[in-house]
Amino acid sequence: MPAMRVTIASNANQSIRAPLVIPAKNTSDPRNLIFHAAKSKLRLKKPIRIFLGGAGHELAFEADWKLHLRNDVTLLISAGEEYVGVREVHGENDDTHPECPMYILADKAYVDSLSRVQLENAARTLPGIVHAAGQPDLHPGTKFPIGAAFASYKWIHPLLIGGDIGCGMAWYRTKLSREQVDGDKGKRVAERLRGLEGVWRSRAEREAWLEDDVGHFSTGPVSDSALGTIGAGNHFAEIQVVEETASSEDGLGLKENEVVLLVHSGSRGYGSSVLKRFTSGKYTSFEESTYQAKEYLREHNKACRWAKANRDLIALRFLSCLEPGEPAWDLGRNVHETVHLEKDFLSAKSKLSERRVVDICHNNVERVKWPPNPPYSDLPRIREAQTSNNTALPPKAPTDLDSFLVPEASSSSIISEFRNLRIEPGPQDYVYIHRKGAAPTYNPATNNPFTIIPLPGSRATPTLILKPVFSEETNWGMLNALSLAHGAGRSMSRAKALSSLSQKYKGQNLLEPSKGSRNGEGTWVICDEKDLVYEEAPDAYKDVHAVAEDLVQEGVAKIVGWCRARVSYKVRNEGR
C-alpha cells in the first residue's frame, strides 16, 4: 500500500482531531503508530482500540486495515470504551431457526433448568444453528452452557466456544509400576513433582517448542511465557492406575495395572485474548465468508495447536520428574544453563508421541461433513444392506439450512421424530461443530473414530474409559453432534462450593487420601491454593458414573474400563 492521509480523532470527544500521514511501510498494520500519535496529538493516556468513523468497524487485525484503510478516512481512537455513534449495518442475515432440534442426553445425571434455557437460547436464537446436543455433564456457563455441542451451517460463533480455546485432555504412558504409586508411596511420587511451575526455559526454546510440520505458532512472548503450565480452575495433571480395561485388545488402548499421566489444560491466556478481540464489538457471530470469520478461525487454529503443544510440554516436565535418567526428558527440566539443540527437541517430541495414547480437544470449532455417514469401517456392511434392500441414496447434498432441520414440532415429538429419522449414507454438506466442554468422537487428523477417550470425574472418583459408538439409532452420531461428555460436570458453582464446602470440611485435610479409602485407592492432592481445594472438591461435581450411564443408555458410548488417580496435581507453591 502507498502512504495514506487520514484523520485521527478521540472516540469519546470527536471534536478533538488531528491529521496524520501513515507511511507506506506502516499501512499493513499501523496501530502502534496511531496509538503513539493519539497520545501526543489527542492527549489520550491509554489508547487501546481503533474504530472506523461513520461505520463503527473495529480495526484490530491486518485484514481490517487492508479492507478499510483509505485516504481521508477518519479513525476514532478509544481508551477502551465502545464505539460512539451509529454503526453502519450491512450483511445481516436472519438465519435463526426457532424450530432447531435440540437433544439432551441425560436421565440419571441431573441437569438444571438454567442449563436447559441456555442450550435452547443458543440453538434457537443464533444464526445457522441446525442441531444442538446437551451432554449429561451439561451445566450453566456465563451466557451459553458448558457440556454442549452445536452444529452450525455457514456461521461461526466464538462465544459458544469460550475463552479457553483448544482446551483438552491427553493420556501418556509412563514406565512406573502400580507398586510405585499405590498407598503411601503415592506421597513420595507427589514429592518428586517439583520445578513444574513458572516460566519454562528461554524464549528461544519456547518458540522452538512451538513449531511443527506446518510451521511456527508462537503467540508472542507474553502468552508463550505460560507454555508448559497447567493453569487454574478445573485444569489438572493426574498420575493414574488403569484398574480395568477391555480396550487393549485393539492394540491402541490402555492395559490393566499400567500407570498413566492424564493432562487437562488449554491455551492459557491466549484463547481468552482471542475471544475478547472478536466479541468486543457489536457483532459476535460471523458468516463463514467474512474476513472476521476467516481471521477468527486462523487465530482459533493457532490456539488449538498451542494448547496441544502445551499438554505435550506439561507431560514432558512431569516425565522428567517421574523418569529421571531418560535422556529424552532432559529438556523438561528447567535448567537454563543447559544448551539444547534441534535434535533434542525432535527426540523429545518423538518420544512423547510414542507415549501419547490419545489427545482430544473439547473447546473448539471444527468443520465436518453433515449429516454424518457411518464410520468407514461400517460402510461396506451398510452399502451391502442398502443394495439388498434396494434403498436409494439421496440424489444430492443439502444446499440450504432447512435441509438440515427436523420439521417444527413440540419438544417431545421432535425427539421422537429425530429418533425415527434415518440418514442414509450419501452426499453431504459441511457444518461447523462448536464444542464447549464436549469431547469429539472423531480424530480430526485421521477422520477416524477415536478408539478411546477419557471421562474424568473429580479428584476422588475414577476416570472412565469410553469408546464412541455409532449406529443407525443415533443417525451415526447426529443425535449427539459427534460429541460426548468431557467430564462429570459441575453440580454447584465455584462461589457456592467455596462458601458451603469450606464450612463442611472445616479443619479437615482434603489433600490426603480419605481415611475410609482402602489401601492403595486414595489420591494425594497437590494444590497450594486454598480456595481451589474447595472449588474443585468432589462434592462440587456430578456423579461421573451417572454421566457415563446416560451416554451408554443413549447408545453413543461404551464404558471399556476405568482408572483411579494416585496423585492429582493442581498447583504448587515452589517456595515451600
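The chain as shown is numbered from 1 upward.
Quick reminder: no glycine exception, Cβ is built from N, Cα and C everywhere.
So that you can see what the record holds, here are the features copied from TrEMBL:
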ACT_SITE  His486  active site, GMP-histidine intermediate
BINDING   Asp164, His235  Mn(2+) 1 binding site
BINDING   Asn234, His235, Phe236, Ala237, Glu238, His486, Gly487, Ala488, Gly489  GMP binding site
BINDING   His264  Mn(2+) 2 binding site
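Known features from TrEMBL, placed on the structure.
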residue : record                                  : DSSP (3 states)
Asp164  : Mn(2+) 1 binding site                   : coil
Asn234  : GMP binding site                        : coil
His264  : Mn(2+) 2 binding site                   : strand
His486  : active site, GMP-histidine intermediate : coil
Candidates Asp164, His264, His486, namely the recorded positions, that fall within 10 Å of Glu238 (GMP binding site) by Cα distance: His264
Distance, Gly487 (GMP binding site) to His235 (Mn(2+) 1 binding site) (CA atoms, angstrom): 12
Surrounding CB atoms that lie within 10 Å of the CB of Glu238 (GMP binding site), all protein chains: 24
Asn234 (GMP binding site) and the residue listed as 'active site, GMP-histidine intermediate', Cα-Cα, nearest whole angstrom: 12
Inter-residue C-alpha distance, His264 (Mn(2+) 2 binding site) and Asp164 (Mn(2+) 1 binding site) (nearest angstrom): 12
Listed in sequence order, residues with CB under 8 A of Asp164 (Mn(2+) 1 binding site) and six or more positions away: Gly266, Ser267, Gly271, Ser272, Asn363
Per-residue Cβ crowding (10 Å cut-off), top of recorded positions His235, His264, His486: His486
